[in-house]
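Participant: Have a look at the structure that comes next, please.
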C-alpha cells in the first residue's frame, strides 16, 4: 500500500500548473497566490495613487480648481483606505506567500485552499468599496479613520457597502494570518529552529499574531457603526447615551497595531537585504527578534496618542505619551543594528540596497517627527495639520512602499528567472526618492505654519510649498508606471538569473533554481 502512496506522490509532483485562466482562479500553490497578491496590490497602488493625484492636483494652488469639496473628501478617504488595505497589506501578504515557505524549507503554505479563498475575497471587497464612488450620495467622505458621527449620523448611504467591504478585507487578513502562523510553526525544515529563521519570517510571524488580535476589533467597530446606522443602537451617538470618543478608542486600538502590521514585514525584508549587500551577517540577530516582539507588544498600549486633543484625563495623556516614547527604544535598536551591519562591510549599492538604505534614513525622519507628535502638549499644535500627514507619509512611503520595492528587486530574479535592468532600477529609485521627498518634506513646513489637513482649499501663504508638494507627488506617481515597465521587461526576458544572484545573500530560498520551480522542497532540506 505504501508503494502506491509513494508512487502517487511522485506522479503528483511531476506536473506543473494547470493551463489558462482557471490555473489562477483555483490555484492552491503558494507561488501563484503570492503572485496574485502582488499584482492585485500593485493595481490597487496605482488606483490609490490616482486618488492622491486628484488631491494634489486640487491643492496645486489655492482656491477651488478641479473637484467639488464633497468629492475631494471622498478622494482623501478612498486614497487612505485603498493604500492601507489594498496596496500595502496585500503586497506584504504576497511576499509572505512567496517567500516564507521558501525560507523555512516548506513545500507550501499550511492551508492552501484557505489561502486561495483569502485572496479572492479581496477583489470582491475592493470592487464593492470602489463602486460606492458611483452611488447617488457618493462614496465614503469621512476620512480613512471613519470617525463617528461623520461615518454614522452624517454618512452617505453607501456607508453600508463600505462596512461590508471592510468586513471582507478583515476576514481575508485573519485567514491569511492564521495561515502564516500555521505554516511557520508547523512546516519548518528539520534543523530550522525558530532562532535560525530569517528575520522576514520572524517579523511576519509576529505581524500575523497582531492581525489575529486586532482585526476582530475592527470588525466590532464597523459592526457597531452598522447597528447605529440601521438598527437604532447608540454606541457612538451622545443623544442616545453613547459616546463618539468610544469610536476613537475602539478604532485606534485596532489602528495603532495596524501601522506596525504595515511596517514590521518591511523591517524583516530590509534585515535580509542589508546583510546581503554588506556581505556580512546581520548584526544583533537575537536583539532584532526581541525588538520586533517589543514593538508588537507596545503597539497595544499606545493607541490614545491619536486622541491627545479629544479631552482624555491627564493621567491618560501622560501614560500614552510615555508609552509612545518607549517605542522609540526597540525601533532605535533596529536602526542601530542595520547601521552596524553595514559598518565595515564590503558594500555595493544595487537597487534593492538603495531602497533599503533610503528606507532606514527616511523612516528615521518619520520616526523623529513621530516623537514630536508623541509629546502631548506639543501635539496640541501639530494635531490635524499637514505635519501629521508629513509624519505618516515619511513612515509609510519609505517604510512600507520602499520596503516592498526593495523586496521586489531583491527577489525578482528568483521569481522570474531573469535579472532586471540595473540601470533602469537605479533610475526608478532616484526618481522615487526625489519625488517622494519633494512631495512630503514641504508638508512639515506648512503643517507647522498651521495648514489643516483634509481641506480642498487653503490660505495664500501656503501656495508655494503646496505647488512643490504637488510637483513631487506627480513625479513620484508617474515614476511607478516606469516600475511596472521594469517588472514586465524582466518577466519577458533579460540575462538568466543564477540560483543565487546576490553575493552575500543567505538562506534556503537561494538553494532552489531561478525561477523557483512550481513545487519546491517536496523533500525537506536539512538545515545545519
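Residue numbering: from 1, along the chain as shown.
Placed from the backbone N, Cα and C atoms, the Cβ positions cover glycine too.
So TrEMBL says this about it:
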- 24-528: domain 'Cytochrome oxidase subunit I profile' (DOMAIN)
- 36-57: transmembrane segment (TRANSMEM)
- 77-98: transmembrane segment (TRANSMEM)
- 119-139: transmembrane segment (TRANSMEM)
- 159-187: transmembrane segment (TRANSMEM)
- 199-227: transmembrane segment (TRANSMEM)
- 259-277: transmembrane segment (TRANSMEM)
- 289-312: transmembrane segment (TRANSMEM)
- 318-339: transmembrane segment (TRANSMEM)
- 351-376: transmembrane segment (TRANSMEM)
- 388-412: transmembrane segment (TRANSMEM)
- 424-445: transmembrane segment (TRANSMEM)
- 465-488: transmembrane segment (TRANSMEM)
Participant: The transmembrane segment (318-339): which same-chain residues, six or more beyond its ends, come within Cβ distance under 8 Å?
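Facilitator: Tertiary neighbours of the transmembrane segment (318-339) are 267, 270-271, 274, 282-284, 287-288, 290-292, 294-295, 298-299, 301-305, 308, 312, 360, 363-364, 367, 370-371, 374-376.
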Participant: Grab the pLDDT values for the domain 'Cytochrome oxidase subunit I profile' (24-528) and give me their mean, rounded.
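Facilitator: Averaging the confidence scores along the domain 'Cytochrome oxidase subunit I profile' (24-528) gives 98.
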Participant: Look at every Cβ pair spanning the transmembrane segment (424-445) and the transmembrane segment (119-139), keep those 6 or more apart in sequence, and say whether at least 3 of them are under 8 Å.
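Facilitator: Checked: the transmembrane segment (424-445) vs the transmembrane segment (119-139), no contact.
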Participant: When you scan the chain for residues with a C-beta under 8 Å from the transmembrane segment (119-139), skipping those not six or more beyond its ends, what do you find?
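Facilitator: Sequence-distant neighbours of the transmembrane segment (119-139): 25, 33, 36-37, 40, 44, 47, 70-71, 74, 77-78, 81-82, 85-86, 90, 156-158, 161-162, 164-166, 168-169, 171-172, 175.
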Participant: Do the transmembrane segment (465-488) and the transmembrane segment (199-227) share at least 3 Cβ pairs closer than 8 Å, excluding pairs fewer than 6 residues apart in sequence?
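Facilitator: As far as Cβ distances go (cut-off 8 Å, pairs 6 or more apart), the transmembrane segment (465-488) and the transmembrane segment (199-227) do not touch.
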Participant: Would you kindly check 77-98, 199-227, 289-312 and say which stretch has the most C-beta pairs under 8 angstroms to the transmembrane segment (259-277)?
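Facilitator: Stretch with the highest Cβ contact count: 199-227.
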